[in-house]
Every structure is written in structure tokens, then in C-alpha cells.
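Copied over from TrEMBL:
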- 1-357: region 'A' (REGION)
- 1-21: region 'Disordered' (REGION)
- 1-13: compositional bias 'Low complexity' (COMPBIAS)
- 44-201: domain 'Histidine kinase/HSP90-like ATPase' (DOMAIN)
- GLU51, ASN55, ASP97, MET102, ASN110, 117-118, 139-144, THR191, ARG357: ATP binding site (BINDING)
- 577-653: region 'C' (REGION)
Amino acid sequence: MSSSNASADKTSSPDATGSAPEVHAFQAETRQVMRLMVHSLYSNKEIFLRELISNASDALDRLRFAGLQNPEWLQGDSDLRIEIEADTESGTLTVRDNGIGMTREEVLENIGTIAHSGTRRFLEQLEAGQKADRQQIGQFGVGFYSAFIVADSVTLLTRKAGTAPEQGVRWVSDGEGEFSIETADVPGRGTSVVLQLKEDEKEFLQHWNLKQLVQRYSDHVGFPIHLRRDPQPDGDKAGEDGEWEQVNTATALWALPRNELSDSDYQGFYKHLTHDVDDPLCWAHNTVEGAQSYTTLLYVPRKAPFDLALQRDERHGLRLYVNRVFIMDAAQHLLPHYLRFVRGVVDSQDLPLNVSRELLQENVLVDRIRAAVVRRSLDMIGKLNEAGGDEYAAFWKEFGTVLKEGVVEDPDNRERILPLLRFESTRDADPADMTDLPAYVERMTEGQDAIYFITAEHAQAAANSPHLEVFRKNGIEVLLMSDRVDEWMMSYLHEFDGKPFKSVAKGDIDLGKLSQSSPDADEGEPESGQLDEDLIQRIDACLGDRVSAVRASQRLTDSASCLVLGEGEMALHLQKMLQQAGQPVPGTEPILELNASHPLVERLAVESDEERFEMLSVLLYEQALLAEGGSLEDPAGFVRRMNRLMTVGPATD
Ligand SMILES: Nc1ncnc2c1ncn2[C@@H]1O[C@H](COP(=O)(O)OP(=O)(O)OP(=O)(O)O)[C@@H](O)[C@H]1O
């Protein structure tokens, strides 16, 4: 859990003794989060209970961990638990834990400020009117504030473990913009959150309702949750008034054998772990016993966090336990970067309890666990892939581009990753119906010895690229790639299943016997013509160092021109992107290929007016550049040339 250092604005002067309440204004962002929360999550309003229980369980986890160093903190009260108490008379609901508690400074730091900078970025996106799913707000550190969905006011009473009763803190707010804080006598260690429920939220005082909610969302929280029957209940079982009842299983779910767990157990635990409102797409639960023993429980969420692509997902990593003692959240070293969307738990029996983030980086046991986590994650995604259908399509849509990073980042697992990739292609199919590499190879025409692909800035630019013409004509399938990572990924990817990858926009293309042998090929079409050497030289001279050479194309059937790069050169659209980002780009001089049988090229061959010849030559180059997604050095000049050529007769201005 990360927390902001910024503290809320103070609006009234403090009493040095701390006996009078201090009033503070919430940060503007916190107010915004609360407003959003109340509106966006209203339809899932019962999640507030899960959030408060989750905070309580975290506090107990942290106490248990801290208790290893400070056993006296647990003395006299070592029965770690969460209590929920409803009082119909006063209309309050209390969630209490005897966990780590908070000092006054910690309350000021944690409650009333935005815990995660991810929340801030999320708000920025919403403000900028960008598409962000309002439900995603639940993914960030907004747990505590969800109490205001159902409460008119919230009182938090807390006392840090190891401090005296009079060092307790009372924090009160109606969620409208201010909160008050004062020192208070708090007899026991830990935190109580008291919700004064809104008039129309009194359903959350009903015993059966609370019990059902705890069982649905928090059954496998690793601490007992006790629910107290209201002292003045609905009158059904008056004899049990005021009795405490444990309502959850309170076992660490991952420590149970798989055959004792149902889908809804796994789903409920996922929601507890991630605060997600949706069920996960899939999960994998494994226990390894032997020289090294550990359990992994991994999940793939249904939706990506909005900033996944920006590589700034703060929740990246797994929750690490050692012998069921919680050690840390977001243990990033347990997951490679390209699997940053995987959520879950690792529980090791062999790591030392005092393992730190630094130690994780250089521990051979951790390296082995990480390798197993990667394998299990890829297997889990592989099974989803084998099942096919909408679930895998949903996975691919959310996480496909991130998984592609693995091709470069994790060469050892490349063979496992490649069959999981999906691509659009030129084959005759619904564009939503993407292909994978094994299926492409299966469809390769007889005599085809390469997997052809094209990278472009957009899907449309890829699908309409002139480079595809000869392939279309000969019925040879080409993979269409337009993700930002594609060009980078393909520069590391040399073959699949023994077949080399070949860009249709780079190097020489010699379809050789394929142009005859393809069943879809049009019979009797003339081969691309040849260009007169003199003509080539004249065009080359007009274009100067814009191109490295001019030649007749084997690729084009309809378009007049296209640009071709050397095998190892960076695609023009990527060069443009890097340039726009202010990055240095190695200069490339592409080859201009001309379609000798195109009327424009034929006209060029007979053009006697030098000025028009030059304009036409440059236009052919510029057209090719545009079709490629490149940007023109001189757009105004392009327009002028076009206009001149479209008007009858030679230019006159
Ligand atoms: N019962 C509690 N005991 C001790 N500390 C708490 C308790 N509840 C909240 N806190 C502190 O307040 C912080 C903010 O809580 P909040 O629920 O808003 O966000 P979070 O728990 O960090 O994120 P999320 O709820 O999304 O996991 C927590 O990180 C924790 O430090």
C-alpha cells in the first residue's frame, strides 16, 4: 500500500494538547473521489463492507508481521479478528479490528488524502473527458471512502499497536469536504469504523443481509469475522440477542486443496484481493512440495486497469506470504513486466519472514518461484486460448499488446508466448476474427516458405497498403500489424515453427513459383513490366537523396508507387512516431518502386516537359510516402504540385 505525503489543508487552529478537535479540509482530489464514488459505485453500494473488511484484514496482516519483531504488541490480545456490529436503535454499523491501528500522523496521511497516484491519473483522465470506465475507480485506493456511499457520517477510532490508550485518535467526517480529528482514549489496539447509515440504507443493519454479504465477499479473509446479533433484533430469535457469531470460513483460501474449493470461492477471493467488481477471466491454483515448497494462486482480470499500457500499473506484482504471514503487496519481482496484469498470491514455506524488497531481487528461491509463476501464468492463458471463443477474445483485447512485450522481454518463454498471439490478416474473414500463428502456418500455400506480415500505423493503413497488392492477387495471406509494439516485436522475431518472418514492405520480394502455383492467382495476367534504365535515372535525379534507388516493382498491381525499406530498417510510421516524441531516428533512404504498367508511370515515360516530369516524379514519391503513413516534408508543395497537374496544360505561376 502506498500513501501520499501530502496532507489535507487545515482550516481551524489546533489545540496543542490535542484535546479539542481540529478541523481539516479534504484535498480537492479526495472530495472529487468521494463524489465520483457515491455516483459511480452506487449500483454496487454493498462493496463498502468488503472494502472495510479488507482494510481490517490488511491491518491484522500487518500486525502479525510487525508482531514478529515486537511480540509484546500482541500480548493480552492475540486473538486476531474482525467484528461487525449493527445497532438498529442508533442506526450505526461498526467494523472493528484489533490490527495494527494508526497514529494521528498516519490517520492524517492515509485518511483524507488520495493513497494512490493511480487514482489521481484516473481522475485526470475522467476530467479530460477521455474514455475511462467509471467502474474502474474501484481498482484504486478508494476503499475507505466507499463508506460514504451508504453513510451520512463516518467515525474512525484507532489506536496504534504499542501505544498507550490515551494516544488513540478519533476522526469524524460527513464526507462533505471536512473532517475533524482529535486525540481520544481508545481502550483496545486497532481500528473501529462507525457508519451512521443514511436513512434509506438501513438494510445494512439486518443480520441476515450482513451475514450474506460477508459470506459472498469475504468468506476467505484469513481472519475470523464475527457478527453480532443486534441487541434489539427483528424479533425472530430474541434468545440470541447480542451473541457473536463467526460468519466466515477464515482460512487462507490458497492453503486449501483445490477439490474443496468452488468457482465462487475463487471468484469471491479474487474480489477481496483486487477490489474488482467483475469476476476474473480465469485462475490457476498450484502447490509445489519438495526441496522448495510454495503455493501460487494466479488470476487474470476481466478488464485492464486504464493505465496498463502506460506501464505504470502500481498494483503490478503479487501478494507475497511466507507461511501464511502476509509480507508485502505488489511484490514486482515475482512477475516479469509483460505479465503485470496477473494478480494473485504466492505463499512460500522457505523464504525468511524478514524478506525485504531488496532481498527479493537476489534470492535464488525467488527466482525459481518467479520462473514457476511465469510458466503457470502462460499455461493458464494457454488453456483460455485452447478453450477459444469469446473469453480468449476478451483477454486478447485487454492484454494482447502487453503480452506481446514478452516476445522481446522473455526469449526463454518465446515458444510458449508465440501461439498465444493473435493477428488480423488479409484472409477473407471477419476482421474481428483474428488468426494465430499455428492457423496461419496451416493455411500457407504450397511452396510458401515465409510468414508474411506488414506493420503500419493503423489497422486501415495496414489493410490498404500497396505492398499487399501482389500478395492479394496471388492469394497469399499476410498478417496485418498495427499495434505500437509490433514493429519492435518483429525486429526480435525471426521465425515460427521453422518458417521465417518476412515483411512485405522490406527488402526484395520474389514470389517465384508462388505467383504461378497459387490456386487463387488470376491466370494470364502480365508480369510487372520493366522500366527503361534512362527513365529510372531521370526519376532518381529528380528525387535526389529522398530515396536510395528507383526500380520497377514486383509488389504492385494497382498502385503507381510504393516505398521499400532495407530488411533491418525501421518502418517509416515508427520513425515518424519517434521523431514526434523528440527521439533521434537513424536516417533511412527507402527505395522507390514503380508499377511499370500504371498509367501515371507510363505517362511519365513519355513526358517531355521537364518541369512536369519532375512534379510527377516527386508526386509518385509523395503518394508512396503517404500510403505508408509517413509525413510529407513539404505538404504545401505537395498540394501545389497536385493542383498544377490537375489543371490542364503546363504550370504557369
Ligand atoms: N482498519 C484499518 N487499520 C489500519 N489502517 C487502516 C485501516 N483502514 C484504512 N487504513 C489505512 O488507510 C489507508 C487508506 O485506506 P483505503 O481503504 O482508502 O485505501 P487502501 O486500503 O490503501 O487501498 P485499497 O482499499 O484499494 O486497497 C490504508 O492504506 C491504511 O494505511
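Counting begins at 1 with the first residue displayed.
Cβ coordinates come from backbone N, Cα and C, glycine included.
Caution: TrEMBL annotation is automatic and unverified by curators.
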Requested in this report: Work out the three-state DSSP category of ASN110 (ATP binding site).
Outcome: helix
**Report entry** binding-site residues close to ligand 1 - of ASN110, PHE144, ARG357, only those whose C-beta is under 6 Å away
**Finding:** ASN110, PHE144
Query raised in the report: For the region 'C' (577-653), DSSP counts of helix, strand and coil?
Result: 42 helix, 4 strand, 31 coil
Requested in this report: Tell me the Cβ neighbour count for GLU51 (ATP binding site), meaning other Cβ atoms within 10 Å of its Cβ, over all protein chains shown.
Outcome: 23
Query raised in the report: Where does ASP97 (ATP binding site) sit in DSSP terms: helix, strand, or coil?
Result: strand
Report task. Around the Cβ of ARG357 (ATP binding site), how many other Cβ atoms lie within 10 Å? Please give the count over every shown protein chain. Result -> 14
Report task. Could you check what DSSP calls GLU51 (ATP binding site) once collapsed to helix, strand or coil? Result -> helix
**Report entry** pLDDT averaged over every residue in the region 'C' (577-653)
**Finding:** 84
Requested in this report: Using all protein chains shown, find which of the binding-site residues ASP97, ASN110 scores highest when you count other CB atoms within 10 A of its CB.
Outcome: ASP97
**Report entry** Neighbourhood of PHE144 (ATP binding site) by C-beta distance under 8 A, where only residues 6 or more apart in the same chain count
**Finding:** GLU51, LEU52, ASN55, ILE111, VAL193
